[in-house]
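Everything on this sheet refers to the single structure shown next.
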Amino acid sequence: LECHNQQSSQTPTTTDCSGGETNCYKKWWSDHRGTIIERGCGCPTVKKGIELNCCTTDRCNN
């Protein structure tokens with residue numbers, strides 16, 4: 001599985017997920033800097049107030 005791993009609005013980059021990982025994620029939240037977006041492999045548990053989108057196809061998390 002190939003997932004995007006760039007932060008916020010940086011130039012898109014991808015990573016090959018290891019260990020049979022089947023999910024990519026994108027999570028985002030807002031603070032004094034604006035909206036922060038984090039992407040990567042897996043489907044993490046997030047705290048209240050953080051939006052999370054998990055998906056299961058290559059490069060689906062941009």
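Cβ coordinates come from backbone N, Cα and C, glycine included.
As annotated by Swiss-Prot, region 'Disordered' applies to 1-20.
Annotated disulfide bond per Swiss-Prot: C3-C24 (among others), in sequence order, evidence recorded as similarity to another entry. DSSP classifies C24 (disulfide bond) as strand under the three-state reduction. Counting only same-chain residues at least 6 apart in sequence, those with a Cβ under 8 Å from the Cβ of C24 (disulfide bond) are L1, C3, H4, C17, R39, G40, C41, G42, C54, C55, T56, T57, R59, C60, N61.
C41 (disulfide bond) carries a strand DSSP state (E or B). A 10 Å cutoff on Cβ-Cβ distances gives C41 (disulfide bond) a total of 21 other Cβ atoms nearby, all chains included. Taken from Swiss-Prot, the feature disulfide bond covers C17-C41 (among others), and the record attributes it to similarity to another entry.
Sequence-distant neighbours of C43 (disulfide bond) (same chain, 6+ apart, CB under 8 A from its CB) are N23, Y25, L52, C54. Annotated disulfide bond per Swiss-Prot: C43-C54 (among others), in sequence order.
The Cβ neighbour count for C60 (disulfide bond), using a 10 Å radius and every protein chain shown, is 17. Residues annotated as disulfide bond in Swiss-Prot: C55-C60 (among others).
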Would you find the one among the disulfide-bonded residues C3, C17, C54, C55 whose Cβ has the most company, meaning other Cβ atoms within 10 Å?
C3
Contact set, same chain, for the region 'Disordered' (1-20): CB under 8 Å, 6 or more residues outside the stretch:
26, 35-42, 56, 58-62
